[in-house]
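The annotation active site, tele-phosphohistidine intermediate is assigned in TrEMBL to 8. Marked as active site, proton donor/acceptor by TrEMBL: 81. If you look up TrEMBL, you'll see 7, 8, 9, 10, 11, 12, 13, 14, 57 marked as substrate binding site.
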């Protein structure tokens, strides 16, 4: 079964390099334009079902895609972004400055150690995979609008090496990992086994 994971369009917090986590921030004008451009490109893919994280930035993206693809997005609560605890609303620079001890402890194993008062990426990967497994029964190629860290966690769960960039700022760091806003990553799910097939380089002016 083919699954296309899509990162939501840009928000003002994305543009400012601020950790969003589960804080509910809407798309900005650039994010809506990204979703509109991506929607046209997605018509070339065999997408038959559309799902979304319940957070506004993801659902708005999915609704824009759905209008073009003629699909109604269904919510998948377990595909929402990582709960980043007390780090939500801050930049990496602010976190390193104001919470250096917790940051250094987390850096020792960022996949398994939870964000302070929040989740670990391992926990996110586990809940997100369960959500995807629930879709496998239909064996219908699906698109799921979700979040950068969810995609990164699932990539790691599928056997890839976990990589996280806290050096270049939140937005630049995600782009260096191939996780720009509105990017598309293809996964395959076969009898419960998740495989990362790689990013799709769709020429929509935003995904790269």
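One-based numbering along the chain as shown.
Using the three backbone atoms N, Cα and C, a Cβ is placed for every residue, glycine included.
TrEMBL entries are annotated by machine, without manual review.
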In the chain carrying residue 81 (active site, proton donor/acceptor), residues 6 or more apart in sequence that have Cβ under 8 angstroms from it: 20, 21, 22, 53, 55, 146, 147, 148, 149, 150
Going by DSSP, is residue 11 (substrate binding site) sitting in a helix, a strand, or coil? strand
For residue 7 (substrate binding site), which residues in the same chain are close in space, meaning a Cβ under 8 Å from its Cβ, but six or more apart along the sequence? 145, 146, 147, 148, 151, 179, 180, 181, 182, 183
Other C-beta atoms within 10 angstroms of the C-beta of residue 8 (active site, tele-phosphohistidine intermediate) total 29
The residue listed as 'active site, tele-phosphohistidine intermediate' to residue 57 (substrate binding site), Cα to Cα, whole Å, comes out at 6
Chain-internal residues, separated by at least six, CB under 8 A from residue 57 (substrate binding site): 8, 9, 11, 20, 24, 25, 26, 27, 31
